[in-house]
Amino acid sequence: MSFVEFIALNALMMALTALSVDIMLPALPDIGDSFGVTEENHRQLLVGVYMLGFALGQVIYGPLSDRFGRKPILYVGLLIYLVGTGICMLAPEFGHLLLGRLVQGIGCGGPRVIAIALVRDKFEGRAMGKVMSFIMMIFIVVPVIAPSVGGAITAFGPWIWMFYFLFFVGLVLLIWTGIRLPETCPPENRTVLSPAGIAKAFKAVVTTRQSVGYAVSLGFMFGVLIGYVSSAQQVYQQVYGLGAIFPVFFGAVAIFMSASSLTNSQLVERMGMRRLSHGALIAMTVILVGAMLLDEIAPLSLATFTCAFGGVFFCVGLILPNFNALAMEPLGRVAGMGSSLIGAYMTGVGAILGTFVGQHFDGSIQPMTRWFAAFAVCSLVAVLITERGRLFGVGEGR
């Protein structure tokens, strides 16, 4: 498999979650109407429940992939995802649809964990950060186009067609990985799957200061990301009255994140992961605190909101790949367990925080600006504690 194909496949594996979430956003009102869900904030549970399943699923895939190899466990995850999508297709009521979304999320944890472990198997240090940037650069295209794809599907057919589309994408991934993906965890590098072995690997992860600290920070980052995605449809359509064109503005903000991933891939080897990501985190905190203060004085205009969150997600695009790489960097032979625990933690915390913000939507953006500013400050504090108060350090030349 060529380097370009490796990047493309891993990007699609990671993007499956973003696609499964963002494609739904334009259809939330239609889905709610179909099942008689009158409370609009409850419709956001289709996002929150999926992300909760995604977090739970990640716990199991890493240890299993460390024992049995990456490919067999990837197949299991994709098959579970297809089963969950099938449940969504056949759901007779909203509760069953939520169950299907939960199963979808559990299944999708597999591709995400395996994608990170594959990169860690083949790269390390700044090279790993650069590869993650390339993957993120492609990955971020999905949030840009997914709402428009969902809008196009619902314009020409019922919302259930979105699940047909997701089933097709999952099937393509299953076939592609089966034919082209090499195994990157040979038998001699596999761990013994026993209670003692799992406990040893778990201890290695949770006692590594760098991994734990950056995972905590990533949890707050994902709180911002999931909170924004959960509330985006209501903010753009109800607060700013954009109606059916809201995917254009949603995509415009996501473009900033894609651009920053490209920027990161160009700069990370020269500047190092810490300098780049720490600077971005400080800038993000300043933007969010500033947006909160301005919104307390007078409601932010659409232009100001879009520019502010464009800046926020430009920073996020610099933070996520580098914080992921920094969290995974010390874990070596327990990369699978590390990827599982870190992914589960940051996604689970992000889902809880993001859903909390979404459920407090009150017709204004104040819940978002206040809580997102708090999350950014907490993320910065976590990094300061992890780095013992010294930001921008290169740490072993990185």
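Using N, Cα and C of the backbone, Cβ positions are placed for all residues, glycine too.
Taken verbatim from TrEMBL:
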- 6-391: domain 'Major facilitator superfamily (MFS) profile' (DOMAIN)
- 44-61: transmembrane segment (TRANSMEM)
- 73-92: transmembrane segment (TRANSMEM)
- 98-119: transmembrane segment (TRANSMEM)
- 131-153: transmembrane segment (TRANSMEM)
- 159-179: transmembrane segment (TRANSMEM)
- 212-230: transmembrane segment (TRANSMEM)
- 242-264: transmembrane segment (TRANSMEM)
- 276-294: transmembrane segment (TRANSMEM)
- 300-323: transmembrane segment (TRANSMEM)
- 335-356: transmembrane segment (TRANSMEM)
- 368-386: transmembrane segment (TRANSMEM)
Check the transmembrane segment (368-386) against each of 44-61, 73-92, 212-230, 242-264, 276-294 and return whichever range has the most CB pairs under 8 Å.
212-230
Average pLDDT across the domain 'Major facilitator superfamily (MFS) profile' (6-391), rounded to a whole number
86
Looking at 73-92, 131-153, 300-323, which one has the highest count of Cβ pairs under 8 angstroms to the transmembrane segment (159-179)?
73-92
